[in-house]
Ligand code: URA
């Protein structure tokens with residue numbers, strides 16, 4: 001079963017409360033989502049593997065630590081996931097970035113892929129799929145399936161706010177994928193919005209409505 005990590009860092013909690021407020025405008029919302037993503041990335045990379053390396057400082061030789069595991073990639077789910085990319089790149093600048101776009105077919109209500117561009121060596125990377133809101137879980141489950149179909153085996157999922165329904169679906173469909181959550185909310189409403197949530201993350205990041 002996948003691990004679910006709900007962040008308890010005070011800075012993350014404080015910033016999430018700020019973006020939840022309905023009076024927070026797009027500029028602050030966008031900047032703050034970036035800051036939250038950076039802090040979450042810091043927490044979600046705690047277990048990356050290190051190796052010893054011999055280096056020389058201006059004062060002499062020493063054995064330092066260097067990342068030794070798989071290279072990293074960030075895959076935002078379009079469009080709201082884009083809001084988390086720069087913050088994550090601030091923490092892991094060598095990561096490559098892929099993109100997945102999905103829309104919901106109005107008849108079948110199933111997610112359909114309309115865009116997928118991944119780094120060529122994605123299957124050799126540790127991939128962080130990011131989307132600020134894990135609501136029903138439909139898009140994230142589909143996006144992760146797309147990655148698996150393309151040979152990606154090491155996947156983590158990161159979101160700012162999650163509903164229990166989305167977490168349950170992710171755990172059922174992708175028990176191998178660890179989930180990093182900024183705040184776990186109460187439920188979904190009848191329109192599949194997270195309550196209390198923060199509204200439409202994409203609209204609030206990009207100032208659309
Ligand atoms: N997507 C959002 O942007 N907000 C929600 O509450 C649910 C899905």
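The backbone N, Cα and C atoms fix where each Cβ goes, glycine too.
Confidence in the domain 'Phosphoribosyltransferase' (6-208), given as mean pLDDT, stands at 96. Annotated domain 'Phosphoribosyltransferase' per TrEMBL: 6-208, in sequence order.
Residues or ranges marked as 5-phospho-alpha-D-ribose 1-diphosphate binding site by TrEMBL: 79, 104, 131, 132, 133, 134, 135, 136, 137, 138, 139, 200. In the three-state DSSP classification, residue 131 (5-phospho-alpha-D-ribose 1-diphosphate binding site) falls within coil. Other Cβ atoms within 10 Å of the Cβ of residue 131 (5-phospho-alpha-D-ribose 1-diphosphate binding site) number 29 in total over all chains.
Contacts of residue 201 (uracil binding site) defined by a Cβ separation under 8 A and a same-chain sequence distance of 6+ are given as 33, 80, 83, 132, 133, 160, in order along the sequence. Look at TrEMBL and you will find 194, 199, 200, 201 tagged as uracil binding site.
With a cut-off of under 6 Å between the Cβ and any atom of ligand 1, the binding-site residues 79, 137, 200 reduce to 200. It is 199, among the binding-site residues 137, 199, whose Cβ has the fewest other Cβ atoms within 10 Å in the structure shown. Separation of the C-alpha atoms of residue 137 (5-phospho-alpha-D-ribose 1-diphosphate binding site) and residue 194 (uracil binding site): 11 Å, rounded to the nearest whole number. Comparing the Cα of residue 194 (uracil binding site) with the Cα of every entry in 79, 135, 139, these being the binding-site residues, the smallest distance points to 135. Cα-Cα distance from residue 131 (5-phospho-alpha-D-ribose 1-diphosphate binding site) to residue 200 (uracil binding site): 12 Å (rounded to the nearest whole number).
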